[in-house]
Every structure is written in C-alpha cells, then in structure tokens.
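Enquirer: Starting off with a structure, shown below.
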C-alpha cells in the first residue's frame, strides 16, 4: 500500500510506543512511552528550553526532567501526556499529517468504555483523522500468527494478559490480567544484583539493568535443577561490561529473574504464575473450545522473549491440563512486535475497509460509536 494513503498503525504500550504504516512488516518508530518536564524552569537562559520532551529525547535528558509514564498497566491514565505522545508519533516520528490518514489504535483487553471513547474523541477532534479504529492488542497478535482462534499470553512492560479468542472475538469473561511484567522483572533483577554487591538504584542505572535482563536472562526448564547446576559449577556465569568499563559477573540471577513469571511469590505477590493464569483463562471458556485453545497458545510481547520460555510453558501447562490433551505453544520470532504487525495486516485487508469509523459517522453519533463498530 502507498505511504500516501496508507493507514497509520499505532500500538501504545506501557513501556514502548510502536508506530508505522499499514502494509509494512515492522514498525518504523519504536520509542519509550514517556513524557518528561523540566524539574527547574529556565535554569539555562536562551537554551530555547521546551516545556516537555517525549520518548528518546526525554530519556536522554532524564537528568534534568521529571519523567511520567501516561500508560500504566496497559491503560491510559493521563490524557494530556497521551496526547503529547500521539502528537510526537505523527509529527516527529512518522512525519505525517494525521488528517490525511486513517489511524488504527490498539487498546488493552478490558479497557474501560470511557477510555475507548476518549481515544476516539481525541483522534477526531484534536487530530482530525478521516477515519479510525480501535483493536484489542491480543487479538492483533493472534492475527499476526495467522490464526483467528487461540489463547494469547501477552506480556509487555507494564501488564500481562491471557486472552482467549474464538473466531476473531476476545471472550471478555475469560480474560485474566496479571500486574506482573517487564518493569517488575527489571526491578527484581536490580534487587538481586544488589544482594550480590552491585548497586543499581537510579533511573539511569535501571536502564542498564534492563539491558542486562534483555541480553543475559533466560527461563530454566527445571528451576531447582538449574539452581543446583549454578551452585556446583560456573558454567552458567556470564560477564557484562557496564558503560564505565567495569565488568560484572552474573550467575543464577540470569534465570532467577524471569522465574518470577512462574513464581510471583519471588516478588512478594500472591498471584498465580503465567502458566496457571493461562490455564485458568482456558478453564473459564466453554468446554467445547478448550481443545482449540490448548493447541493454539500464542506468546506475544517483549516479556515473552526469554530463551526457554516456550518449552517451560509447554511443560507447565501439560502438567495442569488433562493428560490426553494436545498442547502447542506458539512463540513467533517477531513476537516483540506482533501486536503492531497484526494491526498492519488488519488495516491493509480489503475486507477491513468498511470497518473504519469515519469522521462522518463520528459527527453523527459521537464517541459512543466506538462500541458499535469496534469489538
């Protein structure tokens, strides 16, 4: 599809915003979902200091800014800052005029109704888009894997959801949310590295720990056995060079960190692990469709990128499910961006073109149109 009239696809996550053009196979812009404001107004005269910074620029100037994440646990909580992020997305990252392109936005499962209306209102009234649509993130991930029925375990920076989907429709009564995701794992890794004698406390150091997590952590197939191996040999140790040249060694922390996904008690949480949450979601569904869900369990989001996570999910869910059940965990290599990719696929389908909410429909019905057209 031509960039000229291509739809824009914007996936706003708690940690990162992914944006680009429908028909592309990957997002053109990926930047942190943060808005920063100067802590001290006008320290430097004539610097042309802005009153707010978004994304990477906010990240790089974080020393002089107060940073805010407008999306908490997948749900927008600060609309003024959210508007700034969208403005930055259209004008600075994609360099397009939003009034010339249809816009596909994504939303968290179980997003409050008022929130979808607010998104719709901002798109039509602030950005004057000709058409828009709001799709549920997990459903897009399932489309990206080439399916319309299955259960998606979507885990990002701020929240994890298990979403059973049948023939393209999410089943709201069976969706479960777990407030344990990437940011919590980064914090936990900071904590256990401190126990080893390395001190990471500031927000800048948190970014370093996030990098350590992304490069060195993995999920053990058998946690107890892995702990024993780590204790008896140094075969699992890896070294990491900090920005100042200091080299640190990390051993059992490599798999203790993501183990919290399966044992939230590590973080002092009483919730079920991701395997049990997935199983519980399936059990809330009609008995006739469970077989299809077990055989189509799709992982999605950055926090599912750990090596070993699919094998471990397979093992854990097999232990919970009926013994004759066929269980298949699908972990597509591009799952970090599969929500965006699903949006790109959906928005470029010829059959989808009549699904858009047009400016005209919005003007006739107001923001509540979103509940009738997007489900």
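Cβ from N, Cα, C; glycine included.
It should be emphasised that the depicted structure is a prediction, and the values quoted were computed from it without experimental measurement.
For 1, the entry in Swiss-Prot reads N-acetylmethionine, with the evidence type similarity to another entry. What Swiss-Prot lists as N-acetylaspartate is 2, and the listing cites similarity to another entry. Residues or ranges marked as methionine (R)-sulfoxide in Swiss-Prot: 44, 47. Under the heading tele-methylhistidine, Swiss-Prot lists 73.
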Enquirer: Long-range same-chain neighbours of the residue listed as 'tele-methylhistidine', Cβ under 8 Å, sequence gap at least 6?
Expert: 14, 108, 158, 159, 177, 179
Enquirer: Under a three-state reduction of DSSP output, how is residue 73 (tele-methylhistidine) classified: helix, strand, or coil?
Expert: coil
